Structure formats: structure tokens, C-alpha cells
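Engineer: Here it is, the structure in full.
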């Protein structure tokens, strides 16, 4: 296995060396930066100028296609400056013929893109074109065996979703004057353009690999020159058939910005598109196809932002979210490349004598971590721990979905008592006596341990206060707005976990935090009238800050629970965890009960039950099951913190925010909007990211343990 892996790595390195020829690392780095800049300029300037052409009176589709590659003669300037000999590509049929075919495919792609844009809104075209990233990933895997890393795969997913969001919120998607048949024709033509360009990019890299000669950057320019010539010739034939050359002068005279500006737009459009194609070829030459596709996707939302600045377009919340996801995706890819380089350096350094000291240090650190974990969870087999992790995750899932749904059912059907709804969130604590008495016949040891009893009492009071803040805020806010504010608890949890218990972040957990937060944020970004009827502006802002306070407070409670485990100075068993939750639930319920007494909620319950829309019996059923499901949630939360860590508990809470919305659609016949679909996809992707990170970390630990045993043996 190892020999085969090393052989494949050496083969890839030899292919890379053959592709770039004799090139210093400094020159290669300069070319990577140069071509990324060219791609950035072309990928923003080209679409903006093309949009300016159409916005100010341009209508010629073949002409707009022609402009995307008509700047190919500009390549003669750097080519003649570098080399005085005739282009070698013309003497190499193995390169000339593929470049000619790629040029024709590029010309066809330009036409499909321009024709589709004539019948589609820009936002819809953006979402369809963004799918080229998926096509590129597929064809790159099939044609050039492009290896995916978790970071590049995450970047592909985020950038695709970021671009997808741009086209999901168009009130009237079909432009005025466009028939249904024309709309669908534009739709499928644009999809075809995305698929075709997703095929062209890997074919370019395949051409490099099949050249059987060193591919220099000079040769890359020559190949782009040939491709540009054939693409332009393809579009020129279309212009001749469509009489576009004769129509240019007439269109220039009627152009809104004037005749001079008309020709300037055409010229600069050709120049910027040439920047794009040359930069794309260069990035594929210096790095790979996937980076080229990722940069293209990154600048889709950037183009939208520039459209806001230059054309005074409205900057919608979707554009902000898409831009954030795109930048996060680029950061993911960049970090992956950086980490891969570091890992290669470590592999080389491992052969040196000094690495042995580092291995011994890591062995001691690993042993120390194992001792801490053993003290933290007591004497527990791996099978029992795995069972408890699954059990508590299931309890969290049930409580985190059933609790909010039943609370929503309470308010929807005529319930109005804020303190009562707060009381229900922890009133199920007596249920913990059943498993506690079944496991242990002795009195709960937590009562004899002030080091645990007092912190649990304080945490219970904080939980009761948090319940009240959440319920009070929900009384004045839409559910979607409440969801976005509560989702910020993940950020607060991450912050307080780092400050209080020094919770280490991995790239996977950090990615999960970001995705889950953004996924929940999307839910609250599209509310037509955010302030509910009958709610004043003052009440709205009070609910806003109370809900934000609830998120921050619960983000503090979770790490404090883990800190209590660590400061106990005794083995923490799962029985003791149940005892601690019992104490916390008692004090939280007592806090809310005092509020109910002051607010006279106990006296109001019978009257509210009689007026309940679902009937008196179902009123009490809703209250009882709400208390049960919320108790599932709290017990599962402290169990997950006990078995794993605070961060996983926070992530599971965030995962089920969009799941609750989907269940609301099923049970309450609410509308399933596109935002809920995107949020659900991001949440599931975030959970997958975290799970893969845990799997990979566990696998690496096992490999280190095996290596250390082999050395000690």
C-alpha cells in the first residue's frame, strides 16, 4: 500500500515537472499570482461590460459572443516580446489540432451563454452558469483523475451554493416580453453553456498532459492564441449569417451612451474577456483545473457586488450571503493547499534525527490527553461510550425538534403565558428519577458534593433565565427572525468554549460552525414584513435583544457545564451526569415557578385550557409532552458534553434549526421556501464536515498509537 502510494505521488510529481518545464519556484509563484489577477479582472470586467452593452441598447447576440474571444491578437504582443521564433504550436499537430477543437468548443460555449442571457434574468443566468463547477469537478475526475481533498470538495460545495443563492429569489423570473418557450430555451441553453465549459477546462489540462513535451508558459500563450482564433472564427461566421457586421454602425448611432462609448465598450469587453481566458489557461498550467473553476465561481457574487456599485443595483441579502460563502470557499481551498504543502514538508522532516524528539513529545502529550479523558468520563468501555453518544444525540434530536414544535403549537392554538412556556422547558426534571433509581439505590452523591451542587444550582438558575428570555422574545418576533438570532448561540458557544475550557478548533469543526451559522441566518433574511401585526416597534426591538441575550446566555451555559465536569476533581460517571441535570432542572423550574406565581399563571391555566382551540384535554397533553421533549433536549445536551465536548452539542442544536422549519411545513402546512432548502443543505453539510473531522482525527490517533507501539517494541 505504502509503496503504491509513493509511486503514484512520484508519478504525479514527474507529470507536474514535465508540464511546467524548468521553472523556479519564484517564477511559478509569480505566474500563479499573475494569472489569478488576470482571471479576476476578466471574470468581473467581462460580464460587467457585456451587461453594460445590453443595458444601453445592444441587442446582437453573435456580436456579444464574438467579443468574448476577439481579443486574441493581443497575445501576439507578449509572445513576440518573449520569443522571436515562429510559434512552435503550429509545428506540433498533437497540440494544434486539440487547440483548434477546443477553440470551436469555446466559440460554441460563448454563443450558448450569450443566447441564454438574452431570455433570462441575470440572477437566473448566474445560478445556471454556476453549475459549471459541478460539471468541471465531474469531468476533471473522469478525464484527468483530479484528486479531491476535503478542503477542495468543501470549496466546490460552498461556491456552488453561494452562486445558487443568487438566483433563488426572483419575484418574477420571466422578464417582460419573453414568452414561456423563449424562457425555457434560454434556461436549457445556459445549462448547456455551463456543461460545455465544465468539459473544456479538463480538456485543456488533458491536452497539457498528452503533449509529450515540456509545456512552457510561452507555449500556453501560443495555445490560447490558436483557441481564440478558432473561437472567434466560429462566432464571426455566425455574425456574417446574421448580418451583425452591417448592423454595428446602426446600433452604435442609437446607443444610449453615444457612438464613441459604444465602440469603447466593445473594445474593452474584448480585452477583459481575453484576460479571463488567458488567466484560466495559466492557472490550469501552473496549478490545476479545480482552482480555475473555483476562481470563476468566487467572482460570480463579486460581479454582483460590482454591479451594485457601478449600476446602482440593489444589494440584496442573498448577495451578501453568497459573497460570504464564496470567500469562505476560497479560504477553504487556500488552507487546504497550505496544509498539504506543510504535510509534505513534515514527511521530509520525519526522516531527520530531530524529528524523533518531536515524536516523543507527541507521545507524552497523547498519554496526557488519554489520562484526562479517562478522568473525565471515568471507567468506561469504548462500546458503552459509543452507545451513550448515540443515545444522547437521539435525545437532543427529539428534544430540539419536538420541544419548539410543541411550543409553537401552544402559541398557535391560543396559548399566551410566557412564564408558563418558560416553565415547561425544564418542568420535566422529575422524569430523571426513573432512570436514576433504576441504576442506583443509593442517595444521589451530588448532594454530598458542594463542589458540584453549588455550580449545578447556579447553572439551573441561568438556564431558567435563558428559558424566560427565549419565550419572551418569541412572543414579539417571527419564528424566522427568532431562529436567526438563536442560531448565533453557536458563535457564542465557540467563543466561550475557547475562553473557558480551551476547546481546540479543527478546520472541520470551524467549517461546521460557519456553515451552520450561515444556514440558520438564511432563514431570517427573507421576511416580507418582519414585524408581526399588533406588535409595536418598541416591543419588536425588546424581543430582538431578549432573544439575542438568550442565545448569548446559552452559549455561556454549555461551556460552563463542561467546566464543571473538569473542576469536579472526581470521576464523572453518566449516573452523576443525570444527577447534575436533575439539580439544574429543579432550580431552573423553581426560577420559572416564581415568575409564574408573580404573574398569576397558575390561576390562569384552567381558563386558558377551556378557551384553547384544540380543546381542554389536548391543551394539557401539549403541556405535558412539551415538558417531556424539552427534558430530552437538556439531558441529551449535558450527555453529549460529557461524552464528547461542548462544540458538538452546539453544532447539533444548530443542525436542527432548519429541520424544525421543515417539520413545521409538514405539521403546520407552512410554506417550504427556498431559504429553508438552502439552510437545510448547509446544516447537513456542516454536520458531515464535523463528523468527517472526528473520523479523521480518530484515525490519525490510532495510526500514531500503532507507530508508537512499534517503536517501543
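Including glycine, each Cβ sits where the backbone N, Cα and C put it.
Any TrEMBL annotation is an automated prediction that lacks curation.
Just so it is clear, the model here is predicted, and its values are computed rather than measured.
Not my notes, these are from TrEMBL:
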TRANSMEM  61-83  transmembrane segment
TRANSMEM  95-116  transmembrane segment
TRANSMEM  122-144  transmembrane segment
TRANSMEM  151-170  transmembrane segment
TRANSMEM  216-241  transmembrane segment
TRANSMEM  261-278  transmembrane segment
TRANSMEM  387-407  transmembrane segment
TRANSMEM  419-440  transmembrane segment
TRANSMEM  508-528  transmembrane segment
TRANSMEM  540-561  transmembrane segment
TRANSMEM  647-668  transmembrane segment
TRANSMEM  674-692  transmembrane segment
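Map the listed features onto the structure and describe their local environment.
Structural biologist: The list of residues near the transmembrane segment (261-278) in space but at least 6 beyond its ends in sequence, with Cβ under 8 angstroms from a Cβ of it, reads 35, 38-39, 41-43, 45-46, 49-50, 52-53, 56, 58, 63, 67-72, 74-75, 106, 221, 224, 227-228, 251-252, 255.
Long-range neighbours of the transmembrane segment (387-407) within the same chain, counting only residues 6 or more positions beyond its ends whose Cβ lies under 8 Å from a Cβ of the stretch, are 380, 421, 424-425, 471, 474, 574, 622, 625-626, 629-637, 639-640, 642-644, 649, 652-653, 656, 659-660, 663-664, 667.
Counting same-chain residues at least six beyond the ends of the transmembrane segment (674-692), those with a Cβ under 8 angstroms from any Cβ of the stretch are 150, 154, 157, 161, 164-165, 168-169, 508-509, 511-516, 518-520, 522-523, 525-526, 648, 651-652, 654-659, 661-662, 665.
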Engineer: Apart from its near flanks, which chain residues at least 6 from the ends of the transmembrane segment (61-83) lie with a Cβ under 8 angstroms of it?
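Structural biologist: Answer is 46, 50, 53-54, 103, 106-107, 110-111, 113-115, 118, 218, 221-222, 224-225, 227-229, 231-232, 235-236, 238-239, 242, 244, 248, 266, 269-271, 273-274, 277-278.
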Engineer: Cβ under 8 Å to the transmembrane segment (540-561), counting only same-chain residues 6 or more beyond its ends: which ones?
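Structural biologist: 455, 459, 462-463, 465-466, 469-470, 472-477, 481-482, 485-493, 495-497, 499-501, 503, 530-531, 637-638, 641, 646, 649-650.
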